[in-house]
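Everything on this sheet refers to the single structure shown next.
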Amino acid sequence: MRTLVILAAILLVALQAQAEPLQARTDEATAAQEQIPTDNPEVVVSLAWDESLAPKDSVPGLRKNMACYCRIPACLAGERRYGTCFYRRRVWAFCC
C-alpha cells in the first residue's frame, strides 16, 4: 500500500513537470491573441515558431525560394510544420 502511494506521488510530480512548459506556451499564445486589434480593418497575422525547427542553410538558396503558408488543420503533403500562426482568433499551422 505504501509503495502504491509513493508510485502515485512520483507519477503526479512527473506529470506536473511536463505540464509546466505546456502552460507557458499556452500563456504565450493567449497573450499573442489578446494583442490582435478587433476594430482595425487591416489584416493582422501573428507568427510563432520554434527556431530549432527552422530549415538550415546547408543547401544554398533553400530559404530564399521556400514558400510558407498558414493552414488549417494541418500541412499538406510535402510540407513541414515549423510553427503556429494566429489569425482571426484561430490557431493555424505554419507550413513550409
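Numbers here mean position along the shown chain, with the first residue as 1.
From the backbone N, Cα and C atoms, a Cβ is placed for every residue, glycine too.
Here's what Swiss-Prot has on this protein:
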type	residues	note
SIGNAL	1-19	signal peptide
DISULFID	Cys68-Cys96	disulfide bond
DISULFID	Cys70-Cys85	disulfide bond
DISULFID	Cys75-Cys95	disulfide bond
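Structural mapping of features recorded in Swiss-Prot.
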residue : record         : CB count, 10 Å
Cys68   : disulfide bond : 15
Cys70   : disulfide bond : 17
Cys75   : disulfide bond : 15
Cys85   : disulfide bond : 20
Cys95   : disulfide bond : 19
Cys96   : disulfide bond : 18
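The two recorded residues Cys75 (disulfide bond) and Cys96 (disulfide bond) have their Cα atoms spaced 8 Å from each other. Following the DSSP three-state reduction, the secondary structure of Cys68 (disulfide bond) is coil.
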